[in-house]
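Here's the structure, in structure tokens; my notes come after.
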Amino acid sequence: MFNICPLSPSYSPVYVHNPHLDALKDDILYHFSLGTGSHNLPAMFGDVKFVCVGGSPWRMKSFTEFIAAELAMEDPKSGYPNICAGTDRYAMYKVGPVLSVSHGMGIPSIAIMLHELIKLLHHAHCTDVTIIRIGTSGGIGLEPGTVVVTSQSVDATFLPKFEQVILGKTVVRSTDLDQSLAQELLQCSKGLNQFETVIGNTMCTLDFYEGQARLDGAFCSYTEAEKQEYLLKAKEAGVCNIEMESSVFAAMCKLSGLQAAVVCVTLLDRLKGDQLSSSHEVLNNYQLRPQILVGSYIKKQLKAKAENR
């Protein structure tokens, strides 16, 4: 078992950029059912060094159980209670310095979660935090089960940017991710030697069907040939996979000073089809791969820090 001690003084806090927060007597993190007045956030979360986020509550509960076993921190008496049990919007679990949070599906859902998560980490005075999104995606020209570590998140026109309308004006933000962290994760996967892992661009779309050039939605105004042409253009632009959260995740983490990465497994090759035909057992195995990789990385980092004390 790792002996998790407080780390040495850090110079990497979690930043918020909002002067209005100073005027709040109690900052209510509504969608977490937490707040600065109702909870002692530094006591609850001050030791957090790694945050893993993923779409479904089930996946994040599964990751919590997995990482507890990896770090030899299992508690037979604990069912790993949901810290956000007071709301049905998101789920949150904690084991030692690792926080696991669900974010739902799509940019709006993860953006709401990230606003409150970033404020939580700030109010808890957390430092040197690494945040990793683990999830699923559709691959482009990759074998199903391949894990993609995102180099850069791009939009549906293959540009590395996230656009948001604020007060009627379009604001463009960078979607750069931490390249050194991406390389560390790739090296970690090579050490595991359990599944194929690549680094490449991830296309983030606003929709699962038409936005990703699927032919099986309720509406479709393009042909199979047009779909193939678009996906091949994406591949030529360095896109390895498609999902619906990475752009805003990258943009918000960069603004807050969080070291961030996106690690997603591909469930199918979109050049060969749109629907998932693999068995439930195979898909479950695929979905474990990002957890295995990220769990190995966290274990390696904590071991290195323990040895350096």
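Each Cβ is built from the backbone N, Cα and C atoms, and glycine gets one as well.
Taken from TrEMBL, the feature phosphate binding site covers Arg89, Arg133, Ile134, Gly135, Thr136.
The substrate binding site annotation in TrEMBL covers Gln212, Arg214.
Look at TrEMBL and you will find 49-298 tagged as domain 'Nucleoside phosphorylase'.
In this structure the C-alpha atoms belonging to Arg214 (substrate binding site) and Arg89 (phosphate binding site) are separated by 28 Å. Within the group of binding-site residues (Arg89, Arg133), the Cβ with the highest number of other Cβ atoms inside 10 Å belongs to Arg133. Averaged over the domain 'Nucleoside phosphorylase' (49-298), the predicted model reaches a pLDDT of 96. There are 21 other Cβ atoms within 10 Å of the Cβ belonging to Thr136 (phosphate binding site). A simple way to gauge crowding: the CB of Arg214 (substrate binding site) has 18 other CB atoms within 10 angstroms, across all the protein chains here.
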